[in-house]
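Peer 1: One structure follows; several queries about it will come next.
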């Protein structure tokens, strides 16, 4: 669902700080970060991409094009909070400044509960110390055999076409190095094309749920709001659906079908400035689809849960409270631990609607870890895929016949994290055929 915008995965912050301090102590000449130039004129290679993918984009589409090293504006930005604007349209169309940013995110879990995909596509200048430019893409994968692979890719240009029937986003570096996502206006279908030296192929996502706001209201609604927590906006174009993944990663096949979803974030400040923790769950079990997102604000220390449950594609429950109530719908979210184990092996999700007199319970059992990172001083995060089981519990505490399925879950804690104001570039690859890390630190 979400992914921390810190791309130094699998290495602790103290290691980065040590490299930085040693460089300063011994007066090492630190390399400047290269501003990678596109292979050719963006107008030329964008036309080639359109032709490769047979993209027929009418002149009536609104085109929003930004370059990775555009100067950030000093004036106030156009920051969209419209509840009826297409969820996938750019929310910062006039450009970026040093703090505001936005993200398009897609995730998937295989029907085995053992493979998974997490994709983040960013327009974000607030983490310039992570690498060159304002446009990056993060991709985390796990295979059934527990092999994981992660990458962060920085692109030269970002172009978003907002049309009457769809939104098309192109993050590109050349005619041979690009990512393209297309989301239909009704949010019923999304497609992501990958065409890079490392990853080629496509992912298709077919929604089985209605698009929704943080309060659980369905799109479109003129009275709903997109703000989920102070200065943080979040909506779900696709709370859940069927995903078809057909990729090749360094010539290794990555193909499966299962559960998928799509989300949007945009914020006035960077995530580390706005949040101390966040939790995310996406689940499909029989006729049920559950999406859950809960950030904890660094601004006021308050958690902002947003739970949404559908059955056969129809909304049956939503909640914005994580506290037991006799009036308000709420969600309880509890870790499950085996005896003498420090870490949880899964979670139990309890959804209660006092007004309806209804309750749903789902058990989540981990099968594979999608990624884990440590950032020092107790900060870090983990994501898992696995098997889910549950359904509605009736008044006599006899549940309906439990449904089985799969889930994705993520936990991130950055409460204690502080980041030096140095520029850091880190690239990682996990799993065969290459293992390694390259680190550059520069003032």
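Cβ atoms here come from the backbone N, Cα and C positions, even for glycine.
As annotated in Swiss-Prot:
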- 1-23: signal peptide (SIGNAL)
- 78: N-linked glycosylation site (CARBOHYD)
- 97: N-linked glycosylation site (CARBOHYD)
- 145: N-linked glycosylation site (CARBOHYD)
Peer 1: With the cut-off set at 10 Å between Cβ atoms, which of these glycosylation sites ends up with the most neighbours? Options: 78, 97, 145.
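Peer 2: Highest number of other Cβ atoms within 10 Å: 97.
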Peer 1: How big is the gap, in Å, between the Cα of residue 97 (N-linked glycosylation site) and that of residue 78 (N-linked glycosylation site), rounded to a whole number?
Peer 2: 11
Peer 1: Express the distance between the Cα positions of residue 78 (N-linked glycosylation site) and residue 145 (N-linked glycosylation site) as a whole number of Å.
Peer 2: 46
